[in-house]
Amino acid sequence: MRKIILASGSPRRKELLELAGVPFEIIVSEVEETIGAYSSPSDIVMSLALQKASAVAENNSDYIVLGADTIVTYESRILGKPSNEAEAKEMLQLLSGKTHEVYTGVAIIAKDKTVTFYERTEVTFWELTEEEIDAYVASKEPLDKAGSYGIQGKGSIFVQHIQGDYYSVVGLPISRLVRELKQFNIDVTHA
């Protein structure tokens, strides 16, 4: 089986690959995450995932390199990782009682092939009180997460409904990824 590199330092992506039985190494991509002029959220996440994977693939051409990126959108506004606690509170207030979209893009690069794809998931929050938001932000959990919440952590109590791939919201649509890896002759279902 060809070696896989995850071009991400995300503990959540690492956990999901381990859960699925995908053998991999980690080399964190040093790409600056800047969002340029793109036509859609799906273009943004696939482009950023490709940039991350490409940066690592340059020096690791014998490997299959995975890059991923996740953003949250609400009414065409992109909610990335908050820069501080005040911004985290603002994002959570914005999402309170509403449905938003989570996009995760994935890029898989090998010497002979590149595949990109994305998953879109709708997440609906309960109405959140100021106290709930303050306590959650004080926990520091939302500070390194797109949209200022972690669906797999304490942020799960805010979620009323989800339509789509839960794992995509966590940071990696693992079921789709395993299927896409078959194009690279990697089949973890028989490992």
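Any Cβ shown, glycine's included, is placed from N, Cα and C.
A quick note: this is a predicted structure, and the numbers were derived from the prediction, not measured.
Here Swiss-Prot flags Arg12, Thr70, Gln152 as site 'Important for substrate specificity'. Marked as active site, proton acceptor by Swiss-Prot on the basis of sequence analysis: Asp69.
Swiss-Prot feature annotations superimposed on the structure.
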residue	record	CB count, 10 Å
Arg12	site 'Important for substrate specificity'	21
Asp69	active site, proton acceptor	28
Thr70	site 'Important for substrate specificity'	29
Gln152	site 'Important for substrate specificity'	16
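Taking the Cα atom of each, the residue listed as 'active site, proton acceptor' and Gln152 (site 'Important for substrate specificity') are about 17 angstrom apart. Across the fold, the C-alpha of Gln152 (site 'Important for substrate specificity') and the C-alpha of Arg12 (site 'Important for substrate specificity') stand 9 Å from each other. DSSP assigns Gln152 (site 'Important for substrate specificity') to coil, not to a helix or a strand. Comparing Arg12 (site 'Important for substrate specificity') with Thr70 (site 'Important for substrate specificity'), their Cα atoms are 12 Å apart once rounded.
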